[in-house]
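Q: The structure under discussion is supplied below as structure tokens; questions concerning it will follow.
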Amino acid sequence: MGLQDMTRVFAHKSSDGDETPEEQGQRLTELPPPRSSLARFYRSTWFNVVIVGLVSFTQPGIWTALNNTGAGGEEKPYLVNAANALTYGLMAVCSPIFGAVANRIGLKYTLIIGVIGYTPYSASLYCNNRFGNEWFVYLGAALCGIGASALWCSDAAIAVGYPLAHERGLATGIWLALRGLGSIIGGAIELGLNHTQNTTGKVGYSTYLALIAIECMGLPLALMVSSPHKALRSDGTRVSPPHVRPLSVKQGLRALWPLFKQPRVYLLLPILTTIWWNPTYLSIYLTNNFSVRSRALASLVSSLAGSFADVAVGRMLDIKFVRRSVLARYTWSTFVLIMLALFSWQVANEHLYSNTKPTLDWAAPGFGRGFAVNVLFNAMNEANSTFTFWIIGTFSEDLQWITQVFGLMRSAETIGAAVACALGGSRNISPMTNLIVAFAVYAAAFPFAFVAVWQVPDEPTEIGLRGEREGQGVAVDAVKAGPA
């Protein structure tokens, strides 16, 4: 370090050498970036966002690809449904816990824990497909539930919390689009197997081994993530001051209830439970009304449309010539109108198809009407996800607050998924009933989201777990105590 750099580092010290924790944090946050351009690139928030997106691709993305291909078509449906129920149940309970854990051990190490939990489940599907054992599937599902809780909390916090406020829309879109690569791969495999067939194709062992090999790449990728006090934002500042004292897990858990009582948190929970309702119904819709190769095409095109929507909406949310509060209100109002139109369109389709019982194929007339609404629904599901995660990033600059909020948010997502899967798996519930329930849940949730959206500030505040005036959680005094 040269003389000028040393002078800049120590320039903020007072003449008697005393510094408050806030002054020390400001000084450490403004440490000069690494001299090496490679090191600056490696520590940049954009590099970390891409890495986290690739980690999400190798874990939940490949998990989705494996589910889309049906694990070769040989596993018993009740076994997979029970395994998924176990995974979702554990995620609903463990996600808020891992929000507290992440604030104690760090986002990077929480992400690593999450990566470790996914691969055993994928291996268990392969073993069940090839050798028929079932106990490993349940064990793998349990480990996946724990791992997914850690990963879903940490990857979201990194993607949304690391970038500057005016970059969080695009960062969120890139992260979710990369995660969607798993669905694209799954759809491509399905289409490749079935594009000339009228019956379901079987995926060979080598395909699953290749997907599991991709999943194993998640661990070395997770090790490349920078901790918040090392990551550099585009303006040269660190994501988090090194002096911030981490919360203990106990303090983090005790802070959950005050956090939950904040309107900007609990008002968003209902809309997050709806994110998984539409995909459950759409799966039933495609199975009942489309040929095998058309379902494969729908899976691929819908995934591509979803990834495009993630990036496009994220980029739009970062525009600078419209105030953030105004942009949030107009965007959400537009999204609600589009969703209501899509639900109306789909009710008409479902009524028609329930009477005619078609098998829609891409070579048959009337295919476009039924196919387009599925693609648009999936694109809007992703757009809603990007927007909702971005909303969380607009409220606070405090990474600890963002981390624990995502623990609660991902739990709400999982609860919605579990209930939707339970309804979708019942033979006594008609597709039209599933659609009406999905619409009713959305209609009940979006007014709450409107209230939350109207609270979006033009600039995030510094108030969070380290100084929350709304909840007065125990974490406040613990962190204000200064460096450990």
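Cβ coordinates come from backbone N, Cα and C, glycine included.
Sequence annotations record features per position, and here TrEMBL assigns region 'Disordered' to 1-32. Sequence annotations record features per position, and here TrEMBL assigns transmembrane segment to 45-66, 78-98, 135-162, 174-193, 205-225, 265-284, 326-348, 401-423, 435-456.
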Q: Hey, which bits of the same chain come close to the transmembrane segment (135-162), Cβ under 8 Å, at least six residues off its ends?
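A: Beyond its ends, the transmembrane segment (135-162) has Cβ neighbours at 45, 48-49, 52-53, 55-56, 59-60, 63, 75, 79-80, 82-84, 86-91, 93-95, 97-99, 101-102, 107-108, 110-111, 113-118, 120-125, 127-128, 168, 171-172, 174-175, 225, 228, 231, 233, 239, 389-390, 392-393, 399, 402-403, 406-407, 409-410, 413.
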Q: Out of 78-98, 174-193, 205-225, what stretch is closest in contact terms to the transmembrane segment (45-66), meaning most Cβ pairs under 8 angstroms?
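A: Ranked by Cβ pairs under 8 Å, first place goes to 174-193.
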Q: For the transmembrane segment (401-423) and the transmembrane segment (265-284), check the count of CB pairs under 8 Å (sequence separation 6 or more) and say whether it reaches 3 or more.
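A: Yes, these stretches are in contact.
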Q: When each of 78-98, 205-225, 265-284, 435-456 is checked against the transmembrane segment (326-348) for Cβ pairs under 8 Å, which one has the most?
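A: Between the stretches 78-98, 205-225, 265-284, 435-456, 435-456 has the largest tally.
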